[in-house]
Amino acid sequence: MSALPPLRLLREPSNASEGNHSNATLGAGSGWCQGLDIPNELFLALGLVSLVENLLVVAAILKNRNLHSPTYYFICCLAVSDMLVSISNLAEMLFMLLLEHGVLVMRPSVVRHMDSVINTLICSSVVSSLSFLGVIAVDRYITIFYALRYHSIMTLQRAMATMAGVWLASTVSSSVLIAYYRSNTILLCLIGFFLFMLVLMLVLYIHMFALARHHLHSISSQQKSPTAHRGGSLKGAVTLTILLGVFFICWGPFFFHLILIVTCPTNPFCTCFFSYFNLFLILIICNSVIDPLIYAFRSQELRRTLREVVTCSW
């Protein structure tokens with residue numbers, strides 16, 4: 001088994017020699033460059049919480065026929081992606097612990113094969129999770145701006161084709177990433193994908209917020225109730241801040257790390273930033289924990305079904 005779990009293949013630049021890395025780190029000259037020692041138990045705990053949360057979301061959507069629509073199918077796919085992130089992380093951690101303590105003994109060739117499979121699985125789930133965040137944003141945009149034509153635009157067939165396309169593209173791209181992760185070209189493609197998703201979500205959600213604010217202003221003008229307008233605008237602004245803030249905080253540091261690998265692999269500041277890589281992985285797993293709270297549990301229908309699932313009212 002490799003010493004680096006999934007995504008930790010990208011912990012530091014491959015073209016930086018040990019000497020350069022050591023000198024750069026020493027050149028930073030401060031204790032904060034030593035990074036954070038995050039225990040495996042925290043990875044395991046967050047992985048279990050995320051697994052349970054997202055499993056409940058999938059079960060609730062499958063149980064309730066009222067939730068069998070493109071919108072909830074996309075949310076279900078996001079939950080599956082986040083669930084795979086958790087499963088892959090848990091499997092990798094347990095696999096490494098069993099190997100390190102001699103409980104599990106395997107030939108090196110088998111270990112390498114298992115390592116590649118798990119690496120591909122978690123990278124695929126991360127890429128698909130990002131993709132479905134973008135798909136959900138597009139779906140919400142169509143719901144708001146093309147409400148009367150939504151069912152003709154987002155048909156079940158198109159939704160299924162979209163989901164299949166995302167899963168296929170995620171699997172292929174993750175396989176390429178694992179095979180050529182030392183190539184700056186691959187890293188630039190991954191960075192470009194993140195920036196595209198960030199810009200897409202910014203543009204769509206800000207446009208949706210602007211339209212909602214305009215409608216609230218029109219309603220408050222007719223009813224002569226500026227308090228309702230301010231309250232609605234504040235609620236919309238808070239929702240927008242949560243959506244984009246969580247996305248940027250959870251994913252931003254990891255992709256900024258990739259940018260530094262490409263642009264300044266031996267710079268003292270950059271090498272200090274590299275030492276916090278485990279923290280960036282924790283943030284990605286935290287995103288899998290937070291996604292159900294933002295995209296699923298806010299639905300009253302889904303919450304009602306969730307209570308039935310928890311109490312086994314099938």
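Yeah, the Cβs are placed from backbone N, Cα and C, and that goes for glycine too.
TrEMBL lists 42-62, 74-97, 117-138, 159-179, 185-212, 233-261, 273-297 with the feature transmembrane segment. The domain 'G-protein coupled receptors family 1 profile' annotation in TrEMBL covers 53-295.
Of the two recorded stretches, the transmembrane segment (117-138) does not lie close to the transmembrane segment (42-62), with fewer than three CB pairs under 8 Å once pairs fewer than 6 apart in sequence are set aside. Counting residues 6+ beyond its ends, the transmembrane segment (74-97) has Cβ neighbours under 8 Å at 1, 5-6, 40, 43-44, 46-48, 50-51, 54-55, 57-58, 61-62, 104, 114, 118, 121-122, 124-126, 128-129, 132-133, 135-136, 139, 159, 162-163, 166-167, 284-285, 287-288, 291-292, 295-296 in the same chain. Scored on C-beta pairs under 8 angstroms, the neighbour of the transmembrane segment (42-62) with the top count among 159-179, 185-212, 273-297 is 273-297. Residues 9, 70, 73-74, 77, 116, 119-121, 123-128, 131-132, 135, 186, 190 of the same chain sit 6 or more residues outside the transmembrane segment (159-179) yet have a Cβ under 8 Å from a Cβ within it. Mean pLDDT, taken over the domain 'G-protein coupled receptors family 1 profile' (53-295), works out to 82 on the 0 to 100 scale.
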